[in-house]
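According to TrEMBL, the ATP binding site annotation covers Lys548. Residues annotated as compositional bias 'Low complexity' in TrEMBL: 818-835. According to TrEMBL, the feature domain 'Bulb-type lectin' maps to 30-153. If you look up TrEMBL, you'll see 350-437 marked as domain 'Apple'. Residues or ranges marked as domain 'Protein kinase' by TrEMBL: 520-805. Sequence annotations record features per position, and here TrEMBL assigns region 'Disordered' to 814-835. TrEMBL lists 1-23 with the feature signal peptide. Taken from TrEMBL, the feature transmembrane segment applies to 450-471.
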Amino acid sequence: MAVLNLVALIFATLLLLLRRSSGAGAGISSDTLNSGGNITDGETLLSASGSFTLGFFSPSTTVPTKRYLGIWFTASGTDAVLWVANRDTPLNSSSGVLVMSSRVGLRLLDGSGQTAWSSNTTGASASSVAQLLESGNLVVREQSSSASAAFQWQSFDHPSNTLLAGMRFGKNLKTGLEWSLTSWRAKDDPATGAYRRVMDTRGLPDIVTWQGSAKKYRAGPWNGRWFSGVPEMDSQYKLFYIQMVDGPDEVTYVLSITAGTPFTRIVLDEVGKVQVLLWIPSSRVWKEFTWLPRDACDDYASCGVFGLCNVDDASAPSCSCAVGFSPVNASEWSRKAASGGCQRDVPLECDRNGTVTTDRFTPVHGVKLPDTDNATVDMGATLEQCRARCLANCSCVAYAPADIRGEGNGSGCVMWKDNIVDVRYKENGQDLYLRLAKSESGKRGHVATILVPVMASVLVLTAAGLYLVWICKLRAKRRNKDNLRKAILGYSTAPYELGDENVELPFVSFEDIAAATNNFSEDNMLGQGGFGKVYKGMLPDNKVVAIKRLGKGSRQGAEEFRNEVVLIAKLQHRNLVRLLGCCIHGDERLLIYEYLPNKSLDCFIFDAASKYLLDWPTRFKIIKGVSRGLLYLHQDSRLTIIHRDLKTSNILLDADMSPKISDFGMARIFGGNQHEANTNRVVGTYGYMSPEYAMDGAFSVKSDTYSFGVIVLEIISGLKISLTHCKGFPNLLAYAWSLWINDRATDLVDSSLAKSCSYSEALRCIQIGLLCVQDNPDSRPLISSVVTMLENETTPVPVPIQPMYFSYRGTTQGTDENTSSSMNNMSLTTVLEGR
């Protein structure tokens, strides 16, 4: 016992000396730990530019004695721990020490000198050092080389619950090394939790979240462009992208961040939710950019085998059986318990005689492809070869292209045997070809043969009656359409200028609209404003649309409704939103537009995280697109149309971030020789209104030019015109002018554009913006001149003079700035009565 006590005393003395010894590689500001060096609790390593910190921390305030060694994002402290060394072996006191050993690399020792964690670095030597890189990767390497090939060990090979840029995710098929994420046990407990997120390499590569031994969520098979259940990867997330490797030795992807993107991390949290989090430097907070799973249909196999999930209720999945199938247990399905799945109505020919027969395939459009665990893949086959092989194999129940890149319907072949599971409808999803018997009514074929003569005679007798009924209904429908057309055109402003006899008005029944929006379900609502609500819907032809339902007490009256219908029906331009239909049903008035998935412009440029999605080339494209849309309205159409309510919330963005001007309810048409008009009813949004319009009710094409200038300055700065105190100035125009006149105009550029901005283009746009907001309409350029200045950098831009119209009226006087933005923000204009 005395010997043991003596050994412990000697070790404690050596440990104390070790802590006090200066391991020159230790210290608070260094990023490197040399061989023999150490850091103790309270000391840290800091990456070269200070972005990441390695040190000791306690995640729990209730048990502060539990200490862990981890890496965190310096700016947010231990609220964002990215990697934990000893997650399952915490230290019980603050006496821990991290040592750089020449034998095993990094060792974490507790107060008694026992090893709590080790990197077990193969090949470590006296010349090995540990370094915390600016990427957040802790590496052990040869001191003489910083190349990644010289890394003897790295934390990126041993992720915790977080994926960072530059990290691999997947599997090395030769060595068995797996890069996966494992959740924490709880928010304040980094021990190994219940959830794992891994790359499933059976069939096509797929990302699967497991809860214990059960699948919780599946991203869908990799199709060459995205994981099929996350098609938005291809166009939405310009902040980051993945570089996929799908080869014989390795199936992995590496997360890459685009220039100018704020610090991004992907976290598997303690309840199995995958979050994409962005650090917003200005507010010093983490913003959840997106997350998975998103809805009930993302729950694995929620509708069972051969079931299709389509969300219409946020709290429960809506399941249906594929064509040719019926629920295994109908009573369970009626209770929305559909995990039992579906069964065939008619057996396949192969099932009956084991030979190749006339079974057919029916396409299931727009879905996340089924789980490929039971699938076979041939990347060299064509789609036709795939179909033939599936038909020749009695076990094959469905097929699809394995790679959708290139032209046509894709290439490669993936075939499912026995059943398919975990299929859901997804916007921009893929096509799946499902095998069915040639005749789904095969079991009733004999009966049908007997009934044919009887049915033929019945049809002959009833045909004439049905024909007469059809004729009557057709005439009634035509009368109804004519009445609706007259109801709109009869009171439209200046109908003679539109050529009302040629206006094609696509009418949709109220019943179809109600069905498309699930009876105007709140889950389908995209947004709302002063004119009513906007819903996402799917029409009977499977077209996804945005439906504006004007409130019965809406400030958009019958005249504005008629005006918008007739105007957009006659106007067609790539930078104007398309009207697909309208409806008048009693007091109900509805407008149906093309659905644009990327929301309105204000949702991006004024949002702390989403603004990073719009780099400078994209914003410049939007500025030019809006100018072309206005040019069409003012000059290139056979009418001269003044929009009168141009603002960022009325500029919608399509899948490619191309702009489309919307909301024409307040637009006015000028005759051939008309250049200006007056009104006692001023409509629009203060801040975007030109001074002559807001104060005197006078409007012209130059009124839209003024609004365009405001929008340009908002796009460049990311600041709202509605701010009553903008950087110490009364509003954005005053702030922009001050910077311009003091040769500091580049300071107006949004900080999110720092790495992507062409400052020469931005300065030119600022000058054009200031030119457009001149007080005197005669001093503002025509939009045709604006387009020329934007498109041709050699075209001179006149020097603007100081705009004096800086007064701004607050939102209490009727602006719509407090209205929520929406996916299709059609209805947010406010009517302001003139003085």
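Positions of Cβ are set from backbone N, Cα and C atoms, glycine also.
Fair warning: this is a prediction, and the values are worked out from it, not measured in the lab.
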Where Lys548 (ATP binding site) falls in three-state DSSP terms:
strand
Restricting to the domain 'Bulb-type lectin' (30-153), what is the model's mean pLDDT?
92
Counting by DSSP secondary structure, give me helix, strand and coil numbers for the domain 'Apple' (350-437).
14 helix, 35 strand, 39 coil
The domain 'Bulb-type lectin' (30-153), counted residue by residue under DSSP: helix, strand, coil:
10 helix, 54 strand, 60 coil
